[in-house]
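Peer 1: Attaching a single structure in structure tokens format; questions to follow.
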Amino acid sequence: MSTKAKSKKVNKAWLHDHINDPYVKLATREGYRARAAYKLKEIDESLGLVKPGQLVVDLGSTPGAWSQYLRRRMSPEGAAAGELNGTIIALDILPMEPIEGVTFLQGDFREAELLEQVLGVLAGRKADLVVSDMAPNLSGIHSADAARVAHLIELAIDFAQHHLKPEGALVAKLFHGSGYDELVKLFKANFRTVKPFKPKASRDKSSETFLVGMGLKAQETL
């Protein structure tokens, strides 16, 4: 079988699984932009991370499913268009369709220009929660992919160290495989409590998992 034929077969199988995915159907029915909303929902329902009145930063927010979930949880009635009680800042290098009540800033948060905008919205405040669904474009080369995943985790932790309350939490996506244990150690070096979490909404075939770090350790003690 040619490479082109194999690729076509894989794409057809993925499309079949996607169409029949119960979380895809649920997301469509409930108005979420992606099934990823249910991953954060499961983590939140298990650990009670999201509360009305919080300041939350969503890293790698596009297409916006996590911001949508945060928006609904932080509305008194849980409604998509209800009055927002809190602040949600969404960041991504890609564009994102607006979500009422969510402040979206497009760009790289490592760059001074965007960071100034973030600081302007924070207005001297620290975040209660930072969530990161950031993921690199995977190449299939394990060593290269592991390095890319590690880099994004390091960026999320660094952002949390600078902008998260001491008692706050960070939720970040990573993948089982090369470098996973080192990233768990990195989380433990930065947070007092670390919990791994594999939501039911993550596809069975996926190595995707999440780490939740709670209680930020001071930088000088690292």
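Every residue gets a Cβ built from N, Cα and C, even glycine.
Keep in mind that this is a model prediction, so the values were computed, not measured.
From Swiss-Prot, here are the annotated features:
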- Lys173: active site, proton acceptor (ACT_SITE)
- Gly64, Trp66, Asp92, Asp108, Asp133: S-adenosyl-L-methionine binding site (BINDING)
Peer 1: Between Asp92 (S-adenosyl-L-methionine binding site) and Lys173 (active site, proton acceptor), how far is it from one CA atom to the other, in Å?
Peer 2: 15
Peer 1: Within 10 Å of the residue listed as 'active site, proton acceptor', Cα to Cα, which of the binding-site residues Gly64, Trp66, Asp108, Asp133 are there?
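Peer 2: Among Gly64, Trp66, Asp108, Asp133, the ones whose Cα sits within 10 Å of that of the residue listed as 'active site, proton acceptor' are Asp133.
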Peer 1: Measure between the Cα atoms of every pair in Gly64, Trp66, Asp92, Asp108, Asp133, the residues the record assigns to S-adenosyl-L-methionine, and report the largest value in Å, rounded to a whole number.
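Peer 2: Roughly 19 Å, rounded to the nearest whole number.
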Peer 1: So which one is it: of the binding-site residues Asp92, Asp108, which has the fewest other Cβ atoms within 10 Å?
Peer 2: Asp108
Peer 1: In DSSP terms, helix, strand or coil for Trp66 (S-adenosyl-L-methionine binding site)?
Peer 2: helix
